[in-house]
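The domain 'Myosin N-terminal SH3-like' feature in TrEMBL is assigned to 1-54. Residues or ranges marked as domain 'Myosin motor' in TrEMBL: 59-720. Residues annotated as ATP binding site in TrEMBL: G153, E154, S155, G156, A157, G158, K159, T160. Among the features that TrEMBL reports, coiled coil is placed at 851-1065, 1178-1318. Here TrEMBL flags 1365-1641 as domain 'Dilute'.
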Amino acid sequence: QYNRVWIPDSEEVWKSAEIAKDYRVGDKVLQLLLEDGTELDYSVDPECLPPLRNPDILVGENDLTALSYLHEPAVLHNLRIRFAESKLIYTYSGIILVAMNPYKQLPIYGDPIIHAYSGQNMGDMDPHIFAVAEEAYKQMARNNKNQSIIVSGESGAGKTVSARYAMRYFATVSKSGSNAHVEDKVLASNPITEAVGNAKTTRNDNSSRFGKYTEISFDERNQIIGANMRTYLLEKSRVVFQSENERNYHIFYQLCASAQQSEFKHLKLGSAEEFNYTRMGGSTVLEGVNDRANMIETQKTFTLLGFKEDFQMDVFKVLAAILHLGNVQIAAVGNERSVISEDDGHLEVFCELLGLDSGRVAQWLCNRKIVTTSETVVKPMTRPQAVNARDALAKKIYAHLFDFIVERINQALQFSGKQHTFIGVLDIYGFETFDVNSFEQFCINYANEKLQQQFNLHVFKLEQEEYMKEDIPWTLIDFYDNQPVIDLIEAKMGILELLDEECLLPHGTDENWLQKLYNNFVNKNSLFEKPRMSNTSFIIQHFADKVEYKCEGFLEKNRDTVYDMLVEILRASKFHLCANFFQENPVPSSPFGSAITVKSAKPVIKPNNKHFRSTVGSLLYCFWACLFDSKRIVQQLRACGVLETIRISAQSYPSRWTYIEFYSRYGILMTKQELSFSDKKEVCKVVLHRLIQDSNQYQFGKTKIFFRAGQVAYLEKLRLDKLRQGCIVIQKHVRGWLQRKKFLRERRAALIIQQYFRGQQTVRKAVTATALKEAWAAIVIQKYCRAYLVRNLYQLIRVATITIQAYTRGFLARRRYQKMLKEHKAMILQKYARAWLARRRFQNIRRFVLNIQLTYRVQRLQKKLEDQNKENHGLVEKLTSLAALRAGDVEKIQKLESELDRAAAHRQNYEEKGMRYRASVEEKLAKLQKHNSELEIQKEQIQLKLQEKTEELKEKMDNLTKQLFDDVQKEEQQRVLLEKSFELKTQDYEKQIRSLKEEIKALKDEKMQLQCQLEEERVTSDGLKGEVARLSKQAKTISEFEKEIELLQTQKIDVEKHVQSQKREMREKMSEITRQLLESYDIEDVRSRLSLEDLEHLNEDGELWFAYEGLKKATRVLENHFQSQKDCYEKEIEALNFKVVHLSQEINHLQKLFREENDINESIRHEVTRLTSENMMIPDFKQQISELEKQKRDLEIRLNEQTETMKGKLEELSNQLNHNREEEGTQRKTVEAQNEIHTKEKEKLMDKIQEIQEASEHLRKQFETENEVKSSFQQEASRLTMEKRDLEEELDMKERVIKKLQDQVKTLTKTIEKEKWTSPPIIIDLKPRGVVVNMIPGLPAHILFMCVRYADSLNDADMLKSLMNSTISGIKQVVKEHLEDFEMLSFWLSNTCHFLNCLKQYSGEEEFMKHNSPHQNKNCLNNFDLSEYRQILSDVAIRIYHQFIIVMENNIQPIIVPGMLEYESLQGISGLKPTGFRKRSSSIDDTDAYTVASVLQQLSYFYSTMCQNGLDPEIVRQAVKQLFFLIGAVTLNSLFLRKDMCSCRKGMQIRCNISYLEEWLKDKNLQNNLAKETLEPLSQAAWLLQVKKTTDSDAKEIYERCTSLSAVQIIKILNSYTPIDDFEKRVTPSFVRKVQALLASREDSSHLMLDTKYLFQVTFPFTPSPHALEMIQIPSSFKLGFLNRL
């Protein structure tokens, strides 16, 4: 009772019912209750009971083999639930993927879906074509084995689209790095093959009428390198015949639709209605299809594959010729003959297009030639025979054209490299059965028989592998073997052999062939039957169903007879493509005398078993379903062999659960004793032995438990019964508790009512007036008596309390007074003791500081002296070389003087000419001005006269005015002429003046060039002298080094002896002092009086001597003793100071020579300071001296190498000087030609020569004074302790002198520095880990900017350009070399941004200078505008940021789904439903067990690295926001594609994991960076899984709350919602429709998946640097020794 079963139904095939009464063995009637509430008495056979229905928890499974009961109604119901309610079109059946064609576009094939399935194991995600493709790709990449995917199904099932999606998946996930676009070419082959091989049928507007096997080739890196295509079973009969409402191949209609275009007019085509081959089906136009646009798309794909327009036009010619051939009219002449009209226009066009003779074609279309042994006979054909010959020719031409196009596509997809592996995609017809089945259906069903046999073996092998892997005993499974059917068709004397034999007979007919079949197979082969009511058909029992075939047309379709004469005509065609189609091929001779050559136009394709056996990997069966038609679905399930595969699985152990899944699911069935065991595997075994008595119903593997069919359902029933019993017990106790609680409440209320009622009765009976008065009197007496007693007690307590308080307060006050007194005295003692100790400490520190200052100043002085000596030697040598060159320069100057004299004379002549010209021009101007003034005076006089005589001459006014007007015009013309002539003359004079000025300017420029040449020669000579002096000085210092080291060794020995004696004396004296001090002090008494704080701060304040009277005597003794000790110590320290000064001088001298050995310098300096701090005790220097000797030898070797290199440089400089002198000689010749112009420059040059001589004499005097200063400094070194101030003044003066000398040799080092900028090692060699520790953020960026500022200060554009270009190229190079190094990318992103901010901060622009200090504003750039470089740096930073984000995403993406979706943070609340899904045996779960802690750990690593590298906080926030968006998008996308994750408990787990991320944001103080908002879609999805989903108010709440999810996403989650337990309810379709109606008003995206590749726009904020440039120190680890601070 209560179990549910399936019973057959005529409409729905199977109907569900519930057993209303227990069934007993032997009952013939089963009482059932249908789902609509009606009762039914169902007759049953005891040997064949109705199949049981699976529990609700197993309904809607991703894999049909996971069902407990595996049978046809269970499979049908599971598919109905998934397709109709959950809107899921894909379902697994073991390794088969069943696809339901919804006949509409679904948003589940975009690139985000591809990326979501990439890298996932088959079974981890919802069933999908991409999961099958990923499994094949993974197996190929992991095992280096070839794979194949078979896509099968009936017409309209979506095979072609599914195969196209599989190939698009491979093209997307295996993108090659080349520019050949191989993937695009592979995908572009589909539109071409669809145009020439697809047509409209009654079931499908784009049905593939051929089988296609595409072999996609991969290289060793698993990237596509090419493809190859093989075709099978082309339906050639469609070219000449189409059924009603069907069309021919698409390419014909595309060609007809484009017939009016100019490029196709020569084909002489018209509309599709004009041709027999395209109008036969009566449907030439498809709704929603534009054939002309499709023609353009076909041409584009031809071009993409590299097919030129000539090739395309040749193809179109052949297609047009086929259409014209179909319109050739054949007329009957009597009953035995036929003829074609000579003026048939279509025949002429056919022959014209293919280059044929129309007369011969017309003749041999209506006749045939029969060759016998004795003669050749031409036999005319009847009209039907001629029509068949014409149609056979058209089919033959089209078949050749189709094969030719496929061959050219394969050539376009060829590859040069070696094929490593491949994946094949086979798109072929499924099993077909129609009302009338002919030769085409026979061939298709035969091919499917071969495929089904191979696939059954493959499934059988996978089952065997799974058992062997789990160590399960293997038993032979009986499965259907269709080898007898295949033998019936292809064996010797089988159907195909008899068909070929009949085709070879001259008079063979379909009836004769059928009679042979009847004779050979009827009643002899159980798979072959003869229909009862027909003599023209035969029946074959296929693996799917019985199929009745009509024999009519079998022979003709198998022959496709094309006679020899037509073939010879076409072979002789002038059209090369047509001629190539019909090249000679060897044909076997016929066994008969009459040689009618028959060429089979449709050979039967026998699949290569070995090929499929080695390559088959996954199978995709496509079914079609618009509305869920149960009859049609069952028919296809049977036809495609899905049920046979399920039957194989059902015969073994179909349900397979891991031990953990079984333990967590059925733990409720275990006893306490069983649960106490630690080994869960043993617990599962014990439980199963107890629950299922028959041990044959299950097997224990290594990791899984295998169940036979029905056992999981039985366990589910036990579990449900246990839960039901538990619920009853809980309900019993809860209801009992509620009833008892109600009873006690009522009982308590009744008692209270009784109490008050009885009291009221008693009062009414006992109360009288006398009793009331007595009672009142007693109460008053009691009141006063009690008040008196209480008052007495209060008075007593009050007096006692006051007495106690008085004594207590006095005691506390006295104790507080004593404590204050003691503390006051202790403070006085502490004050004087601390003062004495502080004074002593101050004196020691003062002596120590003075000694250190003295040592340091001596070192600096010695260093400056050495530098001065070196520079003096260099200057002396420079002066000698200058004196040598002075003579040559004097000669040059004398020659230049003569040239200047001549130039000056020439210039003077030009100036005199100019003066004369100017004077003449001025005279002419004066004359003209005078003449003009006279004319103006005359004009004024005439006007006055006219005005005076106007009154007198009014009558003669007209005549006189005319005369006067004429006179005035004449005068005006003369005046205008004079003015024009004057202007022309002035312009001529101005031109002459300009030319003179230009000549003067040219003379000045030549003069400046000569001065520059002289200065350059002087600079180069100075540089050469400095180099020579430096080399000679370095050679001399080697011997000095040796002497100084020997002297240092002898002094070291003396110092060691003296130090040992001093140590012994100091120890004795210190022990005596401490002994006396301890005797004078009572240590224990002092320690007890001083607290711990007093002991710690004893050295801070107070004086002890004058405060404490009890220790006066001891202090006097100590003062005398310490005074004497102090004097002795000061004498000893002075002696030691002298020794230390002498030793430090020697050490500093060595430090100058060994600059590169910084560690040795630091160790020596630390030793000296330690000596002074430990009462000037000098340590042992033996080891250091030996190291110094080694370093000295190394330095000698380096000096020798440097001298050799400098000699080479001197030779190069000398050669360069000679070259410069030769150039000067050539220049001197040109200068001599212009000597007359430069006479006046002689005096200036003489003055410069005198200045040079004075400078050289001044330098000599300087060298002499510097030598004297050197000797005076050496004398003063012994008296440094007494003359500190004088020494500092001398040191400052010396530094100024050294700076002046250094400025004179900068010209040579400047070129070397420029060379060093070209490849800054600060960028190439820098390691982030060594920089981020204990250094300011962006230190390399600040150093680079200081170099930029230096170039700006020099106003050197070349240096600045070289520096900026090398910096940018260096950053790009480092980033390119470390594209996957997160720390390096973070480090250089930070430094690039810091460098960009420095360029803005110090650019001098007001908007960037607001936060600068006044000192920082002084460091702004003055000479160059670097705004262009800022833009380039900004672009570089953006590229680094994008790569930086990509690296972070690649590192964290594998962790997101396991950590955020699969990991269960809330223990005890499992969000997964164990279904026993059988993953592919090859799908190894190689992922690590990541948790949400792994996600947080990775985020913390990213955050800490970014902070350590000094990345701007705003950029850090943007990066974290991008990461959180990725986490939310990837998790949500995976949730959309995993139906098993859509449950209430999983929503709780996701919400918990999101809270961990929010806590992380809060901990890092990043809660305000909008990162939390990026998780809002995921949060709303988690809420949607948890919320109630039943009523209208629930639907409205979902509509209002889920604003971040699109309508498509909300509906997807509701349809995918899967209850984990039986007590949860599924989301009803009516509720989904309610929500969908509310969401209809939204205008949001129609995409299901979130774009995980989306990048938020990045902005780099301007953050000024707070660090002062002058305070930045360059660490020695940077190896930037060539940089010097100015």
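The backbone N, Cα and C atoms fix where each Cβ goes, and this holds for glycine too.
Just so you know, TrEMBL annotations never went through curation; they're auto-generated.
Sequence features annotated in TrEMBL and their locations in the structure.
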| residue | record | CB count, 10 Å |
| --- | --- | --- |
| G153 | ATP binding site | 25 |
| E154 | ATP binding site | 24 |
| S155 | ATP binding site | 16 |
| G156 | ATP binding site | 19 |
| A157 | ATP binding site | 26 |
| G158 | ATP binding site | 24 |
| K159 | ATP binding site | 30 |
| T160 | ATP binding site | 21 |
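Residues of the domain 'Myosin N-terminal SH3-like' (1-54) grouped by DSSP class, helix first, strand second and coil last, total 0 helix, 27 strand, 27 coil.
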